[in-house]
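**Student:** Here it is: the structure, laid out below.
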Amino acid sequence: MSTRETFKISLLAKMPKDVINQFLSKDKTPFSVLFLSLLVGILAGLVGTYFEQAVHLVSETRTDWLKSEIGSFLPLWLAAFLISAFLAFIGYFLVHRFAPEAAGSGIPEIEGAMDGMRPVRWWRVLPVKFFGGMGALGSGMVLGREGPTVQMGGAVGRMISDIFRVKNEDTRHSLLAAGAAGGLAAAFNAPLAGIMFVIEEMRPQFRYTLISVRAVIISAVAANIVFRVINGQDAVITMPQYDAPELSTLGLFLLLGALFGVFGVLFNYLITLAQDLFVKFHRNDRKRYLLTGSMIGGCFGLLLLYVPELTGGGISLIPTITNGGYGAGILLLLFVGRIFTTLLCFGSGAPGGIFAPMLALGTLFGYAFGLIAKVWFPELNIEPGMFAIAGMGALFAATVRAPITGILLVIEMTNNYHLILPLIITSLGAVIFAQLLGGQPIYSQLLHRTLKNQKLQQQDLPPQSPNS
């Protein structure tokens, strides 16, 4: 027997048996949890992928109607207004009448559910978010489909737990988190970002165990495979592939990150302010709420005719920007304009997310920054498109406070793996400056606001009599 083998045997003999058994027992993941995670991922992938196709179908149908039947007996501007107003009305009505928790992104609802503070009524959230999101996003409003897919994915996870009568709370928690990861993986064709989003952004709520992490990974991979089978394996955003930038330009990426760090804190404040202003305006009165939402949707129908860059989630706008054709001044004007339209749509409580609008804002300012830097520093080999990609990750990192997720998300969406170093520098710079200014992550703010409103509503309820 060799000296090495003798040492191994003596070392194992000195270790308490309960320590060895405990270590091995931690690695015994129940097969049932893995199977249910796979099922959650497949269903979340189907829901997320077909939700995307449904939104595209509504948008294309709206455009076809304007080009043909309706445009023949109504003025084009009036037809555009009425169609988008009706689509928005569907979204707002379904939310207000059947599932108020389906308003907005939905990600804070999943985080609240993981903490045991919010219920997941999947039987009403799934249809309301799906069809309400079709209406709101199809109207041309500045909303993303990524938040809704995360909420619907989480709802799928809870649905599977209920259907299979899962009683173990840790398993139910793992399937809820797995559904959220699968939803994001299907929305962006980004499995790594889906996994990291749950592990990093939801870290205050996520219960870290071998089982829960494996469940999240399996679900995200399964959902992404479903997406690729249906939509193909191309990246979500088609744009130029860049080589690694010169080291002399890295300081500019850090400066861009600092600017986004400041803006991210301001942007988060404006989002919650917009939500509070809308609530004060409609006071949860259904008629006023629906009229306000319909008018907003109709206005975006008009904008689609004249300034389409200010409408929609923004994913289709990103490659248009990076292909050139816009000056820095126009890009900055669009940046300011889309800030306003994003706040208007998301603050109104429509069933839609903010991921895609944030990425579009990051692209607009980042590309404008790159164009300006190219003029001011002609001796440097500057590609403005690199700063657009870095801007996407930086704004995400500054607002969501999940830099690793933002980096992976942008890389997977654009296939620009050579830009990982500038993305890290820009994103970390954005997070550090945002923290120095004392800002809080956007989804934490939104969850806190939801829980505060829930507590106020409970206090307003009349006390029940002992005999009731």
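Each Cβ is built from the backbone N, Cα and C atoms, and glycine gets one as well.
The following feature annotations were taken from Swiss-Prot:
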type: TRANSMEM; residues: 31-67; note: transmembrane segment
type: TOPO_DOM; residues: 68-74; note: topological domain 'Periplasmic'
type: TRANSMEM; residues: 75-98; note: transmembrane segment
type: BINDING; residues: SER105, ILE354, PHE355, TYR443; note: chloride binding site
type: INTRAMEM; residues: 107-114; note: intramembrane segment
type: TRANSMEM; residues: 122-139; note: transmembrane segment
type: MOTIF; residues: 144-148; note: motif 'Selectivity filter part_2'
type: TRANSMEM; residues: 146-164; note: transmembrane segment
type: INTRAMEM; residues: 175-187; note: intramembrane segment
type: INTRAMEM; residues: 191-199; note: intramembrane segment
type: TRANSMEM; residues: 213-230; note: transmembrane segment
type: TOPO_DOM; residues: 231-250; note: topological domain 'Periplasmic'
type: TRANSMEM; residues: 251-279; note: transmembrane segment
type: TRANSMEM; residues: 286-307; note: transmembrane segment
type: TOPO_DOM; residues: 308-327; note: topological domain 'Periplasmic'
type: TRANSMEM; residues: 328-347; note: transmembrane segment
type: MOTIF; residues: 353-357; note: motif 'Selectivity filter part_3'
type: TRANSMEM; residues: 353-374; note: transmembrane segment
type: TOPO_DOM; residues: 375-384; note: topological domain 'Periplasmic'
type: INTRAMEM; residues: 385-399; note: intramembrane segment
type: INTRAMEM; residues: 403-414; note: intramembrane segment
type: INTRAMEM; residues: 415-419; note: intramembrane segment
type: TRANSMEM; residues: 420-436; note: transmembrane segment
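Describe the structural context of each listed feature in the structure shown, including burial, neighbouring residues and relevant distances.
**Tutor:** For the transmembrane segment (31-67), the residues of the chain that approach it from at least six positions outside its boundaries are 76, 79-80, 83-84, 87, 126, 130, 133-135, 137-140, 145, 148-149, 152-153, 156-157, 160-161, 164, 166, 171, 174-175, 178-179, 182-183, 185-187, 211, 214-216, 218-227, 230-231, judged by C-beta separation under 8 angstroms.
In the predicted model, the topological domain 'Periplasmic' (68-74) has a mean pLDDT of 67.
With a threshold of 8 Å between CB atoms, the same-chain residues lying at least 6 positions outside the transmembrane segment (75-98) that come near it are 58, 62, 65-66, 124, 127-128, 131-136, 138-141, 286, 289-290, 293-302, 304-305, 348-352.
Long-range neighbours of SER105 (chloride binding site) (same chain, six or more residues apart, CB within less than 8 Å of its CB): GLY147, PRO148, VAL150, GLN151, PHE346, GLY352, GLY353, ILE354, PHE355, TYR443, LEU446.
Residues 101, 120, 125, 147, 150-151, 154, 158, 173, 176-177, 180, 202, 204-206, 353, 443-444, 446-447, 450-451 of the same chain lie 6 or more positions beyond the ends of the intramembrane segment (107-114) yet place their CB under 8 Å from a CB of it.
Sequence-distant contacts of the transmembrane segment (122-139), counting only residues of its own chain at least 6 positions beyond either end whose CB sits under 8 Å from a CB of the stretch, comprise 47, 51, 54-55, 58-59, 62, 83-85, 87-95, 98-99, 101-102, 106, 109, 145, 148, 151-152, 155-156, 158-159, 162, 297, 300-301, 313, 350-352.
Here the motif 'Selectivity filter part_2' (144-148) has long-range neighbours at 51-52, 55, 104-107, 129-130, 133, 137, 184, 187-188, 313-315, 351-358, meaning same-chain residues at least 6 beyond its ends whose C-beta is under 8 angstroms from one of its own.
Residues 33, 36-37, 40-41, 44-45, 47-49, 52, 107, 110, 113-114, 120, 145-146, 149-158, 160-161, 166, 193-195, 197-198, 202, 206, 212, 215-224, 226-227, 355 of the same chain, all 6+ positions outside the intramembrane segment (175-187), place their C-beta atoms under 8 angstroms from a C-beta of that stretch.
For the transmembrane segment (213-230), the residues of the chain that approach it from at least six positions outside its boundaries are 29, 33-34, 36-38, 40-42, 44-46, 48-50, 53, 153, 157, 174-175, 177-179, 181-186, 189-192, 194-195, 198-199, judged by C-beta separation under 8 angstroms.
Outside the transmembrane segment (251-279), and at least 6 residues removed from its termini, the chain residues within Cβ reach (under 8 Å) are 104, 245, 292, 339, 343-344, 346-349, 354, 361-362, 365-366, 369, 373, 377, 380, 382, 387, 390-391, 394-395, 397-399, 422, 425-434, 436-442, 445-446, 449.
Per-class residue totals from DSSP over the topological domain 'Periplasmic' (308-327), listed helix then strand then coil: 9 helix, 0 strand, 11 coil.
If you look at the transmembrane segment (328-347), the same-chain residues 6 or more away from its ends with a CB under 8 A from one of its CBs are 104-105, 141-143, 267, 270-271, 273-275, 277-278, 296, 300, 303, 307, 309-311, 314, 321, 354, 357-358, 360-361, 364-365, 367-368, 371-372.
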**Student:** Do you know which of the binding-site residues PHE355, TYR443 has the most other C-beta atoms within 10 angstroms of its C-beta?
**Tutor:** PHE355
**Student:** Note the Cβ centroid of SER105, ILE354, PHE355, TYR443, the recorded chloride site, then list each other residue of that chain whose Cβ lies within 8 Å of it, in sequence.
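**Tutor:** Apart from SER105, ILE354, PHE355, TYR443, the close residues are GLY104, ILE107, GLY144, GLU146, GLY147, GLY353, MET358, VAL400, ILE442, LEU446.
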**Student:** What does the DSSP secondary structure composition of the topological domain 'Periplasmic' (231-250) look like, as residue counts for helix, strand and coil?
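**Tutor:** For the topological domain 'Periplasmic' (231-250), the helix, strand and coil counts are 5 helix, 0 strand, 15 coil.
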**Student:** Suppose we draw a 10 Å sphere around the Cβ of ILE354 (chloride binding site). How many other Cβ atoms does it contain, all chains included?
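**Tutor:** The answer is 28.
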**Student:** Measuring Cα to Cα across SER105, ILE354, PHE355, TYR443, which the record gives as the chloride binders, how far apart are the two most distant ones in Å?
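**Tutor:** Largest pairwise Cα separation, rounded: 11 Å.
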**Student:** Under an 8 Å Cβ to Cβ limit, what residues of the same chain, 6 or more beyond the ends of the transmembrane segment (286-307), are close to it?
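**Tutor:** Residues 76-77, 80-89, 91-93, 96-97, 136, 139-142, 278, 337, 341, 344-345, 348-350.
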